[in-house]
Amino acid sequence: MVRLLLLVSLGLCCLLASADRPPYKSSGIYEEEPQLPGASDLSGGVASDEIGVAPAQAVDERYRLPTTSIPIHYDLHLRTEIHRNERTFTGTVGIQLQVVQATDKLVMHNRGLVMSSAKVSSLPNGVTGAPTLIGDVQYSTDTTFEHITFTSPTILQPGTYLLEVAFQGRLATNDDGFYVSSYVADNGERRYLATTQFESTSARMAFPCYDEPGLKATFTVSITHSLSYKAISNMPQKTTTDIETDMRTTFFEKTPAMSTYLLAFVVSDFQLRLSGAQRVYVRPNAFNEATFALEAGVKILKVLDDHLGIPYDTYMPKLDQIAIPDFAAGAMENWGLVTYREQALLFNPAVSTYRGKTNVATTIAHEYAHQWFGNLVSPEWWEYIWLNEGFATLYEFYALDMAYPGQEYWELFNQQVIQYAMGQDGQASTRPMNWNAATPGEISALFDRVAYDKSGSVLNMMRHVLGDDNWKAGLKAYLTDRALQGAVDEQLYAGLQSAIEGKGVLPNGVTVAQIMRTWTNEAGYPVLNVRRSYDTGDVIISQERFYNDRKVPNTNIWMIPYNYVHQAKADFNEFDDFQWLATKAARIETTVPANEWIVFNKQQVGYYRVNYDEHNWELITNALHENWASIHRLNRAQLIDDAYWLARSGRLDLRVALRFMTYLRNEREYAPWTAANVALTYFNNRLRGTAEYHNFLIFVDALIEDIYSLLTIDAVSPDDTLLHKYLVQTISTWACSMGYTDCLMKTAALLKAEASGTGPAVHPDIASVTYCYGMRSALESEFQYLYRKMMNSKNLAERTMLIDSLGCSNNKEFLKAFLTTALGSGTGVEINYRADERRRVVQAIYSGGRTGVDALIEFLMDPALVNEFVSTLSTSTLNSALSAIASRTNNVEEMNKLNALITALGSRVNSQTAANLRTTAQANLDWVNGFEGLMLSNFLAEFAAETLLTTTAAPETTTVTAGPTTTTTTPSSAVTTTTGPTSVTTTVVQTTTEEDDGAATIGLSIAALLVSITVHLLMG
């Protein structure tokens, strides 16, 4: 039985994340439409080359290098004295190149380097012969296009030449190019290292080069550095030579042909762990945190070797991993030397969470997959970056699942990749998978959710269509054919096609290329509409492009592989029954009885949504109420996600979607609850702070009551599976947010026991929920304990979690004091934060709930503090904070606070920014009275009324429990219920998030969404 929650003052803004860590071909679907078995065309038309294909966009080709010369080999030498924090470096590079068209100009890339000298020689006997000096060359730079032009004293006829250049530069401080990083040693000394991040266009910051992915060459690298430091690069060390009294030059073996963006080198005092040809480098005080990364790397490389049939050591003799303290991305797949941010490689069982371990494992799998997809075969141009990132995203879960069978890693793919991709790809502004770019900014923008998650989803769909054996054979053919070269999408299709010729895998006359072009050249994705004729058994299916927030007529046509199950034949695990929709609509003949449900897209392997007529939705809903496990868990998750987004787009009555979600009262598995978390978080964010919010909490309470009662939230068992841990975190977060006394008391007790020394440290796997909700009622001593724990920790993932937890406090004075530490003020000593951690403090406070938002507003109202805020954290951080405040503004009182803040900030907020902030906030206020808001409110009111009828009569005295303290009130007509695991409390909702990163390049979000503090009882 559900408890009736009557709530007045509630506050939380929830943030969903996943994570983490963004030339077009004018090709149509097919020349002549093939006949597809099992479906008759209802559209009356034929898919053509023009229908639905995204138009080619104009790009500035002046950013591309001329094709008059191409590189063959680079002989690169660099000298750095980073051991004493010297930021200048010097270098020389000898570039063997082929002139293919007579010219006197050799044009390459350069960003910020200063040339000292340059000369050109001919190589009449090829690259192995002695050079013949032609003379010194003139050079000029173009900072707009980042080109450097070397002009020869004579015309260079087609042939082989050597360009030798001396240069100098400065190590960057923005985690890009050749840059400086640092860490604090155990003795308190700050130690420096020099490292690289060249993808996508930053090799040109370290040496002049042909910095395009298709222009592959071999490299020999040598680096002069301190004797106390070690240099590593893509290839094994060949030899060393000591020079001067304290310097050494390390020489490396010659690389295979590779793209410039894959070159890497690190100069540091790091230590290593070794297993065969694999090594993991870490700062000395993190040495014991490298064990899992080494173990996982060995396992994952072995399964990829076997799966792809091309052993890694065919081309590369070693594979190193290194954790860099300052690293902008999640990781970088440099061939033979993979670089990571520390949180994506280091694992400490004493403090790291199950999510942290999963992030490490998936990131390693992602980067190891790149050793084939991106390194062995690189995209000819950034237009095809999905050939790298799509495969890496697929295999970060698939390879990990093969390496650790039975650990349930593959179960994460649907929620963290497919459903997340659809949420992003349903926007009108999305792009096709194939998409041209020219400028560095445009190229960087291609590393988005289309390149990663959508592409991984589409490739997973094709893997299921072709079958695993054909898939592996096709990939081996593709990789073998294009090894050490660039590739375009059509070459992948040819490789896959070669594996299925004559096998009848696809309909007669249909090719892999014809299918894939509709998915790679088309923006967005389809919704498959299913309408049943219950009298005849026939089913009409049709397709249209899906938009998240609207229903727009369109002519888009995809070749959609579909299958279906029904109640009497629920064979969800069979994938040899695909049929195809290649037109706008078709009729399917079935014998499914009218009283049985039908579900399309088994296990959601197809990258599309499915909508049904309302009666079929009703049949599905009723079936799940009777037996929640009668439909496969991944399809239950799909149904929840589809119903939610279909309702938001206007394709499905919102009440139908919400009625369907009521089956969650009985749901016991991770995947459906994670899908539901997305929908519930959206509704929570919209309704928080409104009069309708208490009805929403009644609804959520009804859904989670039973599952919460079955879970243990204050202890971790060795038998707990990965998915069980995800489920516990999701449900316990909602339960504590809903004010479940049991949840709040347990989290508070665990934190208090640890802080006072009367109990053990909280287990890492439940720490984020425990610390956050324990912090709601924490005293100053407990707040200070957690703050000191954060400051003393050297594990960056743990520090981030603790920062987020401190932001959960309900005490505005605590929060404002916490903010001052991010500015380095208020203590008289330097605060040991990294730059990104200072920004994280701000994020944690405004994400912690309405109390945190109000604390931030009050803080920024102080002119002296806002000046220091901008000086320390930058104007962009201020703007991000203002945007967060506006997005968390849901009522008139909160709007007044926002307006007062904008006024107080004066010229720091320009008129356009102020208008945008007010527009965002007003849209939140208007939503509740719009169509979607009214539909939701109506359903929730009816649900609450029905719930009230089944609720026991209230006693005169109501006990409201928040954490470990109890307040008793006696209103004239108080209402409570006492069934279930808790008595009535008031609260705000926080939801869990998925940390992606899987994709390894994907940027990172907050692990927990935090709630407000004030507890009130609605007085009758």
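We number each residue from 1, going along the chain as drawn.
Each Cβ is built from the backbone N, Cα and C atoms, and glycine gets one as well.
Annotation comment: Swiss-Prot describes 1-19 as signal peptide.
Positions annotated as substrate binding site by Swiss-Prot: Glu199, Gly330, Ala331, Glu333, His366, Glu389. DSSP gives Gly330 (substrate binding site) a coil state; it is part of no helix or strand. When other Cβ atoms within 10 Å of the Cβ of Gly330 (substrate binding site) are tallied across all protein chains shown, the result is 27.
The DSSP secondary structure for His366 (substrate binding site) is helix. Marked as Zn(2+) binding site by Swiss-Prot: His366, His370, Glu389.
Among the features that Swiss-Prot reports, active site is placed at Glu367, with the record citing sequence analysis. Summarising the environment of Glu367 (active site), the number of other Cβ atoms within 10 Å of its Cβ, over all protein chains shown, is 29.
Feature annotation from Swiss-Prot assigns site 'Transition state stabilizer' to Tyr452; the stated evidence is a curator's inference. If you draw a 10 Å sphere around the CB of Tyr452 (site 'Transition state stabilizer'), it holds 35 other CB atoms from the protein chains shown.
The region 'Disordered' annotation in Swiss-Prot covers 958-981.
If you look up Swiss-Prot, you'll see Asp997 marked as GPI-anchor amidated aspartate, on the strength of sequence analysis.
Of all the recorded positions in the record (Glu199, Gly330, His366, Glu367), the one with the smallest CA separation from Tyr452 (site 'Transition state stabilizer') is His366. The two recorded residues His370 (Zn(2+) binding site) and Glu333 (substrate binding site) have their Cα atoms spaced 6 Å from each other. Counting every protein chain shown, the Cβ of Glu199 (substrate binding site) has 26 other Cβ atoms within 10 Å.
Residue pairs drawn from Glu199, Gly330, Ala331, Glu333, His366, Glu389, the listed substrate binders, are separated by up to 16 Å at the Cα level.
Within the set of binding-site residues Glu199, Gly330, Ala331, Glu333, Glu389, the entry lying nearest in space to Glu367 (active site) is Glu333 (CA atoms). Its own atom aside, the Cβ of Glu389 (substrate binding site) has 33 Cβ atoms within 10 angstroms in the protein chains shown.
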